[in-house]
Every structure is written in structure tokens, then in C-alpha cells.
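Undergrad: So TrEMBL lists the following for this protein:
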- 170-189: compositional bias 'Polar residues' (COMPBIAS)
- 395-410: compositional bias 'Acidic residues' (COMPBIAS)
- 11-268: domain 'Cation efflux protein transmembrane' (DOMAIN)
- 274-345: domain 'Cation efflux protein cytoplasmic' (DOMAIN)
- 163-191: region 'Disordered' (REGION)
- 376-416: region 'Disordered' (REGION)
- 12-30: transmembrane segment (TRANSMEM)
- 42-60: transmembrane segment (TRANSMEM)
- 72-95: transmembrane segment (TRANSMEM)
- 115-132: transmembrane segment (TRANSMEM)
- 208-231: transmembrane segment (TRANSMEM)
- 243-260: transmembrane segment (TRANSMEM)
Amino acid sequence: MGKYTGKSCRLIIMLSLTFAFFLVEMIYGHLTNSLALVSDSYHMLSDVVALLVGLASVRISKWDSAKNTYGWARAEVLGATINSVFLIALCFTIFVEAIQRVIHDDHIHNPDWMLYVGIVGLVVNLIGLVLFSHHSHGHSHGGGGHGHSHGFGGSSNKKTEAKAEKEGLVQSTEETANGGATVQQASSQEDVRVISPGSTAQLNMRAVFLHVLGDALGSVIVIISALIIKYVDADWKFKVDPAMSMAMVLIILCTTIPLLKQSAMILLQTAPTHIQVQEIQEKLISKVEGVLAVHEFHVWQLAGNRIIASAHIRCQNLRDYMRIAEEVKMFFHDEGIHSTTIQPEFVEFEEISGRDCVLECGPDKNCFPDTCCSNKKDAPPAQGVRLRTRNGEGGDGEEVEEEEAAEDDVAVTIAE
């Protein structure tokens with residue numbers, strides 16, 4: 001099929017079937033005066049939009065871009081959000097029309113046409129369910145592996161590192177400023193690149209599946225309405241059509257609202273629901289020996305299973321950091337976070353209090369309002385007086401006295 005294979009091919013096939021049947025349902029819905037048929041045709045139209053967005057997202061998400069450093073990985077998340085909002089707005093329109101039909105009885109002109117169109121629609125949507133069923137559980141079983149990117153030195157897999165060095169793709173930088181150091185390392189291209197469409201969940205494909213599932217249920221509702229109107233001899237039978245339309249609206253909302261919430265949370269860069277940030281911080285300090293403190297810890301979801309984290313880790317010196325780097329990497333790996341950027345902070349004391357960040361900003365602190373954590377309060381300073389022993393220089397050890405000087409700062413004096 002040339003370049004149209006896999007996901008793109010399925011989307012094109014379903015797009016053609018859906019658009020054709022949208023026209024059929026729209027025409028016969030007005031001919032029979034059936035709200036259920038008309039509402040299902042609009043639902044089909046929403047599927048056409050969803051499939052177009054899905055097809056565009058599949059193509060766009062593969063583009064490389066120097067401006068977008070993560071590529072277009074979130075194109076499908078954005079598409080899922082647009083699909084969900086469009087469908088919820090459509091549900092509101094159908095619900096209002098259904099209420100009007102309940103108040104004012106409108107007769108169905110030809111229930112046979114309504115029945116036949118409903119059956120054909122069910123067949124079309126069953127084809128769609130077969131095409132997209134393996135995306136319904138929210139993750140793909142493609143052959144691609146996880147992409148890994150770790151922003152701390154000395155932490156790459158030895159086999160991958162050796163291969164990267166052979167290909168000349170390893171770059172290491174060490175920068176020392178204000179008594180601290182930041183160590184970064186980029187491994188091979190296959191190790192750094194986190195955008196792997198075959199290895200992550202595709203929210204928009206799930207959105208397409210939910211659209212098709214809703215249409216299949218809509219076709220069932222149309223068939224039930226047609227059978228009741230055709231074979232039941234009662235005055236209330238014409239209220240079945242708008243009542244079934246309301247039921248279809250509720251079904252659509254039950255599947256669409258969770259998808260909208262999930263995609264919106266990704267766009268808002270909230271931590272994934274299964275990631276407990278505070279718990280991970282505490283576990284990292286307790287499990288990895290040499291990690292004195294963890295702060296500025298951020299976790300967010302790029303798309304699908306691609307979870308990204310950044311943190312400041314406090315340790316005593318560069319030697320300690322290089323020793324624990326591999327342990328830190330494996331810790332995040334075990335927590336399901338495979339792309340991490342770590343800023344080490346080196347301190348002379350085993351514990352310091354006051355501001356969380358040692359390398360918070362420049363000496364003048366003018367850039368602090370522009371940092372990502374400027375809206376957070378500083379860590380509370382130590383209460384009262386604490387005595388600590390200086391590690392390293394100082395002979396038998398000099399006692400360091402810290403006193404609370406102000407609400408947001410700490411005065412440190414060396415005892416004579």
C-alpha cells in the first residue's frame with residue numbers, strides 16, 4: 001500500500017466508509033423525520049472530523065522539527081482533546097432537540113427505511129470496531145521499544161554507551177558554577193530519542209475507537225426505535241425516538257468525558273495518576289545511599305507512556321554523585337520514568353536548611369520570578385539552633401551553627 005500502511009491505512013478506510021454513511025443517514029433521517037437517525041448522522045460527522053484529525057496526527061507526529069524539541073508527539077493528544085470537545089458539544093445539541101421532540105410529538109414517516117439504515121450503519125461500525133479494537137485499551141503493542149534519555153552523567157547502559165562512543169555520538173559536559181556542578185550526557189540517537197510512536201499509547205486512536213463504539217451503539221438504538229415504531233401500536237411509541245436519542249447522548253458522554261479529562265491533564269502537564277511524587281522523593285532518599293535531598297522534582301507526561309522527570313539531587317561531591325548516578329537511573333526506571341534530567345548539587349555539610357535550591361539563580365536573584373517554581377514557598381528554615389560537623393577540611397571538625405535569621409533565609413556562622 002505504499003506509504004499508507006498500518007494506522008494510516010485503517011484511518012483512510014474508515015474515513016471513506018464513515019463519510020459515505022454520514023450522507024446516507026443525513027438524507028434518510030430527514031426523509032423519515034427520525035431524530036435518532038439524524039443525531040446518529042451528526043455523530044458520524046463527528047467521526048469524520050475525528051478520523052481526519054487522527055490521520056493528520058499520525059502523519060504530523062512523525063515529523064522532525066528543530067523548533068519543537070520533542071517533535072509533534074502531542075499532536076495526537078491535542079487531536080483527542082478536540083474530538084472530545086466537539087462530541088460533547090454535539091451531545092448538548094442532540095439533547096435539546098430530543099426534549100423538543102418529547103414535548104411536541106413528531107411522527108416517523110417510514111420506519112422501514114429507518115430500520116434498514118440502522119442495520120447498514122451497525123455493519124459499518126462493526127467494521128470500524130474490528131479495525132481499531134486493539135487500540136481501545138489505551139496502549140499499543142507495536143514492536144518499538146522504550147526510548148530512554150537520562151540527563152545525568154555516568155548513567156548510560158554500558159552496551160549502549162560503547163556503541164554510542166563507536167559512532168561518535170556521546171557528548172559529555174561538566175560545568176562548575178557557584179561551587180556546584182551539572183553533569184549531562186547524551187547517549188546514542190536511539191537512546192535519546194523518546195518519540196517512538198509504536199511504543200506508546202495513542203490517545204487519538206483511542207478517541208477514534210470511542211467514536212466508532214458510540215456510533216455502533218447509536219445504530220443499535222436506531223434499530224430498536226425503528227422496531228418499536230413499526231410493530232408497537234400505542235400512542236407513546238413516537239416518544240421512543242427522542243428518548244432513545246437521550247440514551248445515546250448519555251452513552252456518548254460516559255465514554256467521552258474521561259477521555260477529555262485524560263488528554264486535558266496531559267496538556268496541563270500534571271503528573272500521571274499512577275505517579276506519587278512525594279512518595280517517590282522519599283523512596284529515592286531512603287533507597288539510594290548518598291542522596292541527601294531531592295527537590296524541584298517535576299514529573300509530566302509527554303504522550304502515552306512517555307513520562308519525563310527532572311529533579312535537583314543533593315549530594316556531597318562529584319565522586320559521590322558519579323557513584324550513585326546509575327542507582328538513580330535504575331530507581332526511576334523501576335518507577336516507570338525512562339526520560340530523566342538530574343541537576344546535582346554539591347554541599348559541604350550533610351544537611352543544610354533554608355532555601356531548597358543551592359544553585360537557585362544568579363547572585364542577584366533577579367531571574368527567580370521566571371523559574372518554574374517561583375510560585376512555591378521557600379522551604380522553612382531550621383527552628384532554633386542546630387550543630388553540625390563540617391566534612392572535609394577543618395581537622396577534627398568545626399561546629400557549624402545555623403540560626404533562623406528571617407522567615408525566608410538562614411544565617412550561618414562558624415563557631416570560633
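Every residue gets a Cβ built from N, Cα and C, even glycine.
Any TrEMBL annotation is an automated prediction that lacks curation.
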Undergrad: Under 8 Å between C-beta atoms and at least six residues away from its ends: which parts of the chain pack against the transmembrane segment (12-30)?
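TA: Distant contacts of the transmembrane segment (12-30): 4, 37-38, 40-41, 44-45, 47-48, 51-52, 55, 113-114, 117, 120-121, 124, 127-128, 131-132, 208, 212, 215.
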Undergrad: When DSSP states are grouped into helix, strand and coil, how many residues of the domain 'Cation efflux protein cytoplasmic' (274-345) land in each?
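TA: Result for the domain 'Cation efflux protein cytoplasmic' (274-345), in helix, strand, coil order: 28 helix, 28 strand, 16 coil.
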Undergrad: Please indicate, using numbers and ranges, the residues of the same chain that are 6 or more beyond the transmembrane segment (243-260) and have a C-beta under 8 Å from a C-beta there.
TA: 35-36, 39-40, 43, 80-81, 83-85, 87-88, 91, 94-95, 97-98, 101-102, 203, 206-207, 210, 213-214, 217-218, 221-222, 224-225
Undergrad: So which residues does the transmembrane segment (42-60) touch in its own chain, when a touch means Cβ under 8 Å and the partner is 6 or more beyond its ends?
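TA: Long-range Cβ neighbours of the transmembrane segment (42-60): 7-8, 11-12, 14-15, 18-19, 21-22, 25, 72, 75-76, 78-79, 82-83, 86-87, 90, 93-94, 121, 197, 204-205, 207-208, 211-212, 214-215, 218, 248, 252.
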